[in-house]
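**Student:** Summarising the annotation, TrEMBL assigns compositional bias 'Low complexity' to 99-118. Among the features that TrEMBL reports, region 'Disordered' is placed at 99-144. Summarising the annotation, TrEMBL assigns domain 'PHD-type' to 174-223. The site 'Histone H3K4me3 binding' annotation in TrEMBL covers Tyr176, Met187, Asp191, Trp199. According to TrEMBL, the Zn(2+) 1 binding site annotation covers Cys177, Cys179, His201, Cys204. The feature Zn(2+) 2 binding site is assigned by TrEMBL to Cys190, Cys195, Cys217, Cys220.
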Amino acid sequence: MPIELRRNFELMRQLDEKNQDVVEKFNTIINEYKSGKISEATKLSIEELKGQLQDCIDRGEEKIKIAGQSYEVVDKHIRRLDQDLKKFEQELERESLQKKQQQKQVLKAQGKQKNQKNGIEDSSEVETRKPKKARTQVDSDFQPSSLDTTYNTDLYDVNQGFDMPEMPIDPNEPLYCTCRRVSFGNMIGCDDPNCPIEWFHFECVGLTDPVKGKWYCPTCREKQ
């Protein structure tokens, strides 16, 4: 409890004690009047009591003033507590947002490392790199011979008929997307910091090309 508030409470207690003594004397005189036995000493006490009653009124007004000051002290401390609580809540919210952003960056870095390990380009790299020319596309300054065209076509057919062996899947690898599968191919992250899934496969959300700017998953778009 603040020192100022304790001092005010002590002053009000002392005022109450002084007034209580006067009230007890006043009650004694009233009882004598009711009984019809009024002594000379009582008559003198009445004159003294008049001045004491006025003192009681003055002390009562002083008590009201002290009570008002005490209320202002309490109100000031309550406002200060509200401000401190608001700052604390804002700090917690800021720390929570920073933690989510850090987790998102870690997941993005892990996904990039896995894609590089499997020989798959990351979606952010796809946006910045220019697409390579297809094998069947020719340069305007060079006209290939029929033999070159046949060679390129045969090589394309061979590549089309070749099955790549499947990579072994780690059972402890984290699952992503609405399909709850591991990270593979091109993936995109939802820009909503409160997204429960965060990462999605292109094919599961109907994407074929990288998205420029911010992107939100269907669930987060409905919330907005």
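Note: Cβ is positioned from N, Cα and C throughout, glycine not excepted.
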**Student:** What is the pLDDT of the domain 'PHD-type' (174-223) when averaged and given as a whole number?
**Tutor:** 92
**Student:** Nearest to Cys179 (Zn(2+) 1 binding site) by Cα distance: which of the recorded positions Met187, Asp191, Cys220 is it?
**Tutor:** Met187
**Student:** Measure the Cβ-based neighbour count of Cys195 (Zn(2+) 2 binding site), defined as the other Cβ atoms within 10 Å of its Cβ.
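**Tutor:** There are 18 of them.
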**Student:** Starting from the Cβ centroid of Cys190, Cys195, Cys217, Cys220, which together make up the recorded Zn(2+) 2 site, report each further residue of the same chain whose Cβ lies within 8 Å of that point, ordered by sequence.
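**Tutor:** So the extra residues in range turn out to be Asp191, Asp192, Pro196, Ile197, Glu198, Phe200, Tyr216, Pro218, Thr219, Arg221.
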**Student:** Run through the Cβ atoms and count how many others sit within 10 Å of the one on Cys190 (Zn(2+) 2 binding site).
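**Tutor:** The answer is 22 other Cβ atoms.
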**Student:** How many other Cβ atoms are found within 10 Å of the Cβ atom of Cys177 (Zn(2+) 1 binding site), counting all protein chains shown?
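**Tutor:** So the number of other Cβ atoms within 10 Å of Cys177 (Zn(2+) 1 binding site) is 21.
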**Student:** Looking only at the domain 'PHD-type' (174-223), how are its residues distributed among DSSP helix, strand and coil?
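**Tutor:** Counting residues per DSSP class in the domain 'PHD-type' (174-223), I get 9 helix, 8 strand, 33 coil.
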**Student:** Other than Cys177, Cys179, His201, Cys204, which residues of the chain come within 8 Å of the Zn(2+) 1 site, judged by Cβ distance to the Cβ centroid of those residues?
**Tutor:** Tyr176, Thr178, Arg180, Arg181, Phe200, Glu203, Val205
**Student:** List, in sequence order, the same-chain residues at least six positions removed whose CB sits under 8 Å from that of His201 (Zn(2+) 1 binding site)?
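**Tutor:** For His201 (Zn(2+) 1 binding site), the qualifying residues are Tyr176, Cys177, Cys179, Arg181, Phe184, Gly185, Asn186, Met187.
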**Student:** Counting only residues 6+ away in sequence within the same chain, which have a CB under 8 Å from the CB of Asp191 (site 'Histone H3K4me3 binding')?
**Tutor:** Lys214, Trp215, Tyr216
**Student:** Just counting, how many other CB atoms are there within 10 A of the CB of Cys220 (Zn(2+) 2 binding site)?
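**Tutor:** So the number of other Cβ atoms within 10 Å of Cys220 (Zn(2+) 2 binding site) is 17.
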